[in-house]
Amino acid sequence: MKPAAAAPGVVAVAYSGGRDSTALLFATLRVAHALGLRVVALHIHHGLQAKADDWLRHCRKQCDAWKRQGWPVTLAWTRLHLHLTAGDSVEAVARRARYQALRRLALEHGAHTVLLGHHRTDQAETFLLQALRGGGVAGLAGMPVTATREGVAWLRPWRNRPRSDIEAYVVQHGLAYVDDESNADDRFARNLLRQQVWPALVGAFPQAEAALADAAAWAGEASACLEALATLDLASLDDGLGLDVQACRRLGTARGRNALRVWIRRMSGHRPSASLLERLWQESAGVSARRWDWAKGELRLYRGRLSWVGRVVAAASEARALPATHLSLKGGGIVAVPGWGGALRVERVREGGVAWERLRRVELRGRQGGEQFQSGHGRPPRALKKQFQAAAVPAWQRQGPLVYDAAGHLLFVPGLGMDARAWATPGRPQWRLLWEPLA
Ligand SMILES: Nc1ncnc2c1ncn2[C@@H]1O[C@H](COP(=O)(O)OP(=O)(O)OP(=O)(O)O)[C@@H](O)[C@H]1O
């Protein structure tokens, strides 16, 4: 299937069939109807519980019924096939896969905004759970009301509303929803908190929910300040050649570790664990060369500069460069490129893309050195290395293949986008590529 172009007037709602997202979908339909918008309800079948088929059936039935009543709704759904390995948290793996699937479904239906049914009680629970795991301020901040990631705006319009408001809304409109039995299952920490701790807590401290949500908001502000401070510090600690570790240490433990934590996250795309950070801090004192192996990749200190090397590239750099690969992208959608540890996504765009014929047969190559990239019309082509530095593209976003058309012209560079020399004329049908590393 060819991906859909961004359609104005389409909004998506993540619809599990549970009480909160049912209420949110219904409220959205009423507003959308009045404004002439279309709503796509996105349902993810996790494939984990026998009941999941019933939930999907319920969601279908409900959307069909609403549609017959004249509400502007379409249901889009997909089934996940989760790959769990020993030690994985089912909840965490399912959540990550759910958000990826929601993003994909939303974009396929031309929606760039996805509404989620989280409310203030969820926020207060998240704060408590993070505190019980010993989380830092970023975790304690919980869920933002708005966040934009990879072309999708995630909105939680009810994040500051107590659950009781939503319960009252559901009763008022007689809405039908499914009860997730896993919510009564003590296996998961959140459910344990909900079933056993929360009632006692609120019984003893009636303001607990609002107070914890306020504490999360404070943590959010503190986290934003730490991020801003790290940005200031990193401007002089990393000139594109790597992080100057000894200069970082001279900032002192708290500030230096903050800069190091943010640097690792920006380079790798993953939050470093407390133990990795601790090891790095302890073992880098007075040292100018060393390697730290991490599940996500490798941190290499060389001549006092720390650099990040992703798992696939680390393996490839040990075992020589990956061979050139020929592919056809004409089917569109997502095309896995296993040797490179990721996938190419083909997306229809209004401008800045290439004509369909150029994707019919492409060649994927590693960087050889000397490649040039042009980032826009009227800008000169420049060396890839310079472009990466100018665009502050983190190393983990640079690790996919360079994509060339059949005539050998560079079309796409991971992290930088489509080469302007290959762009199609505005107004003509065109597509762009995105590189998605495997988690
Ligand atoms: N299987 C799913 N399909 C689509 N969206 C989902 C799914 N699970 C969760 N969501 C979205 O994430 C939000 C929060 O997830 P959470 O697990 O707290 O919800 P839930 O208890 O399953 O359902 P609800 O929030 O609808 O009562 C939901 O309100 C919904 O917007």
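In case you wondered, yes, glycine gets a Cβ from its N, Cα and C as well.
Record features, source TrEMBL:
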| type | residues | note |
| --- | --- | --- |
| BINDING | Ser16, Gly17, Gly18, Arg19, Asp20, Ser21 | ATP binding site |
| DOMAIN | 362-435 | domain 'Lysidine-tRNA(Ile) synthetase C-terminal' |
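Neighbour counts of Cβ atoms within 10 Å were compared across the binding-site residues Gly17, Gly18; the minimum falls on Gly18. Contact annotation for binding-site residues (Ser16, Gly17, Gly18, Arg19, Ser21) versus ligand 1: Ser16, Gly18, Arg19, Ser21, each with CB under 6 Å from a ligand atom. Sequence-distant neighbours of Arg19 (ATP binding site) (same chain, 6+ residues apart, CB-CB distance under 8 A): Ile166, Glu167, Val170, Leu175, Tyr177, Asp179. Around the Cβ of Ser21 (ATP binding site), the number of neighbouring Cβ atoms within 10 Å comes to 24. Applying DSSP to the domain 'Lysidine-tRNA(Ile) synthetase C-terminal' (362-435) sorts its residues as follows: 13 helix, 23 strand, 38 coil. Taking Cβ-Cβ distances under 8 Å and a sequence separation of 6 or more, the neighbours of Asp20 (ATP binding site) in its chain are Gly117, His118, His119, Trp158, Arg163, Ile166. Sequence-distant neighbours of Ser16 (ATP binding site) (same chain, 6+ residues apart, CB-CB distance under 8 A): His43, Ile44, Trp55, Gly117, Asp180.
Along the domain 'Lysidine-tRNA(Ile) synthetase C-terminal' (362-435), the predicted structure has mean pLDDT 87.
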